[in-house]
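K.L.:
Structure incoming, see below.
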Amino acid sequence: MKELQTVLKNHFAIEFTDKNLLETAFTHTSYANEHRLLKISHNERLEFLGDAVLQLLISEYLYKKYPKKPEGDLSKLRAMIVREESLAGFARDCQFDQFIKLGKGEEKSGGRNRDTILGDAFEAFLGALLLDKDVAKVKEFIYQVMIPKVEAGEFEMITDYKTHLQELLQVNGDVAIRYQVISETGPAHDKVFDVEVLVEGKSIGQGQGRSKKLAEQEAAKNAVEKGLDSCI
């Protein structure tokens, strides 16, 4: 945990008073289960707490940032920001993936790169930070790590292209729409996916992203921007 403490101190000006709390935040259930005799705590309860404070702070930010957006739009945007895939991305940005304690089986099966484990650890860290410090420190961290990407429009950009494309294509009846990965490049922790969207077997758009879902949205956007004439 010393390396993690160094990362937190150097990059985020965070120093935990309760080191055990920090360690618990990065302990997956699989690790605790493999060391039952040691009665090690895992991070599920902290994840529960972190999820709650994250929802609150992101809701407050969006409410103040977008005074004219209706509740439905705010809810959709919040959902995009706090979804599993997004939180996993933030965890990787913070190098948290390097410090999660996993059981041998989970490690061998690729758990260190699994979005659900990374997202849970990110929320657990927020919960631990809340308990060790206060909500103001959690807010400071969120505004340093998450909000810049929100303000860059990363989450609004991907909100609805797949749905929009589906609505355009299926206005006159059902149409078979399929997304497929063309290629994957880069190391496991920083992959780039190339995806194409096909309608009735015909490729109508391509996109690239750091996850399959982001690449699919880019492919749908590409198809929408081309216009329906090229899609059918």
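Glycine is treated like the rest: Cβ placed from N, Cα and C.
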K.L.:
According to Swiss-Prot, Asp120, Glu123 bind Mg(2+); so which of Glu47, Glu60, Glu184, Glu196 is the extra one listed there?
P.N.:
Glu47
K.L.:
Take the mean position of the Cβ atoms of Glu47, Asp120, Glu123, the recorded Mg(2+) site. Which other residues of that chain put their Cβ within 8 Å of it?
P.N.:
Asn43, Glu44, Leu46, Phe48, Gly50, Asp51, Leu87, Gly119, Ala121, Phe122, Ala124, Gly127
K.L.:
Measuring Cα to Cα, how many angstrom lie between Glu123 (Mg(2+) binding site) and Asp51 (active site)?
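P.N.:
On Cα coordinates alone, these residues lie 6 Å apart.
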K.L.:
How big is the gap, in Å, between the Cα of Asp51 (active site) and that of Asp120 (Mg(2+) binding site), rounded to a whole number?
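P.N.:
Asp120 (Mg(2+) binding site) has its Cα 9 Å from the Cα of Asp51 (active site).
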K.L.:
For the domain 'RNase III' (5-134), DSSP counts of helix, strand and coil?
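P.N.:
Computed counts for the domain 'RNase III' (5-134) are 97 helix, 2 strand, 31 coil.
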K.L.:
What are the non-local neighbours of Glu47 (Mg(2+) binding site), defined as same-chain residues 6+ apart in sequence with CB under 8 A from its CB?
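P.N.:
Expected: Asp120, Ala121, Glu123, Ala124, Gly127.
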K.L.:
Can you work out the mean pLDDT of the predicted model over the domain 'DRBM' (160-229)?
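P.N.:
The predicted confidence over the domain 'DRBM' (160-229), as a mean pLDDT, is 86.
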